[in-house]
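Asks: Can you read through this structure? Questions will come right after.
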Amino acid sequence: MSINKQTFAITSVLAYALATYVMVAPAFTVNQFNLPQWLAFLIVSIPFGGRVIGSFLYQRIVSVLGSRLTYLISMVLLGVLSLGSSINILGLLIPLRLLVGIVFGIATSLAVEQAVRSGNRIITALTMSGWAFGWIGGALSYLSLQDWGLIAISGILTIPFSLLYKDVKVFSVEVTKFSIPSVSSILVFFFSFEPAFALQLAPAIVEAEGGITWLIIGYIISIGMYILVPVISNTLGESKTAIMYTVISAVSGVLFFTTASPYMLVVFTAFGLGINSIAPRLSAAYGASARTMGFALNTAALGGVVVPVVGSLNIKVIASLFTAISMIILLVMSVKKGNAVTVAS
């Protein structure tokens, strides 16, 4: 990998990981809000709605400001908004969390576009693993800081990393017409990310039994699973790789939600997140381009509001069904386009 591609990889992963850290941190302190469970999970999930707005704005913003300024501004804003979120006032927290989601949509759209433009499958896989890095950071900050206010303040760490903007690949494409990805490409990301959406329920499920450590282990293993997808695909083929990941994710997810087993949590986290590495290439097979992929990804993230909020009403039944059905549909979509993905590699 050339030096230029290495720096692109670093800033892509950082943009995704830091944005994820700021967005998901409340998932570990949901019980501290002293609110009805559905409302507490709404605070955790509402940024997923903001992501759609951010990805919608991204095409215009990057065409005006360019990629480097877009990275710089988004990292600074994430730090400022995280600091503001430390004020535990419901009337302020909800709009601030929505704004976090908007900036997340911008930052991750930039990260994904830069990764896809590199043409390197490992860089794309590493970028998608930024989600796991962000969750690991959130879990570690919870274990060390405990208090939501302190965890929110720690989000200002994004500001120093904004200084790496010169390492971002320069691209700025004039947008004369807003490009919208196909519905199928959005659905690819939705079903691929369903385990990530459902895992927002995990901290509340296992916290009482000290299971946060198991969650961290699962996220650490998932980083390797992201990177293994391109390697396994080269050996087994795209379709067989998709079959392996989706089946294991479905079975382990159902077993975790029905039994709360920390061992199943590790397996579900590792394979459920690792499957995200398939999404960009499969989405491209369904018509998404480098510029529209961020919009497809973040539009699909509306599921991040629906899945945990609805799933929390009956975790054993609803959350299990969400995961099983999503993995089955993703499997069908992957097998259907398996040849197209292979040709595009």
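Counting begins at 1 with the first residue displayed.
Every residue gets a Cβ built from N, Cα and C, even glycine.
The following feature annotations were taken from TrEMBL:
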- 7-29: transmembrane segment (TRANSMEM)
- 35-57: transmembrane segment (TRANSMEM)
- 69-90: transmembrane segment (TRANSMEM)
- 96-116: transmembrane segment (TRANSMEM)
- 123-142: transmembrane segment (TRANSMEM)
- 148-165: transmembrane segment (TRANSMEM)
- 186-206: transmembrane segment (TRANSMEM)
- 212-229: transmembrane segment (TRANSMEM)
- 263-282: transmembrane segment (TRANSMEM)
- 294-311: transmembrane segment (TRANSMEM)
- 317-335: transmembrane segment (TRANSMEM)
Asks: With Cβ-Cβ distances below 8 Å as the criterion, list the same-chain residues six or more beyond the ends of the transmembrane segment (263-282) that contact it, or say none.
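Replies: Here the qualifying positions are 112, 115-116, 121, 124-125, 128-129, 131-132, 188-189, 192-196, 198-199, 202, 206, 211, 214-215, 217-219, 221-222, 224-230, 238, 241-242, 245-246, 248-249, 252-253, 255-256, 293, 297, 323, 330, 333-334, 337, 341, 344-345.
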Asks: Does the transmembrane segment (69-90) make contact with the transmembrane segment (294-311) through 3 or more Cβ pairs under 8 Å, each pair 6 or more apart in sequence?
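Replies: They do not touch: fewer than three Cβ pairs between the two stretches lie under 8 Å.
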Asks: The transmembrane segment (35-57) and the transmembrane segment (123-142): do they have three or more Cβ pairs under 8 Å, with pairs 6 or more apart in sequence?
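Replies: Between the transmembrane segment (123-142) and the transmembrane segment (35-57), contact is absent.
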Asks: State, in range form, which of 35-57, 96-116, 148-165, 186-206 has the highest count of Cβ pairs under 8 Å to the transmembrane segment (317-335).
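Replies: That would be 186-206.
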Asks: Take the C-beta pairs under 8 A between the transmembrane segment (96-116) and each of 7-29, 148-165, 186-206, 294-311. Which stretch has the highest count?
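Replies: Between the candidates 7-29, 148-165, 186-206, 294-311, the best contact partner of the transmembrane segment (96-116) is 7-29.
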Asks: Please check if the transmembrane segment (294-311) comes into contact with the transmembrane segment (35-57), where contact means 3 or more CB pairs closer than 8 Å and the residues in each pair are separated by 6 or more positions.
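Replies: When sequence-distant Cβ pairs are counted, the transmembrane segment (35-57) touches the transmembrane segment (294-311), since at least 3 lie under 8 Å.
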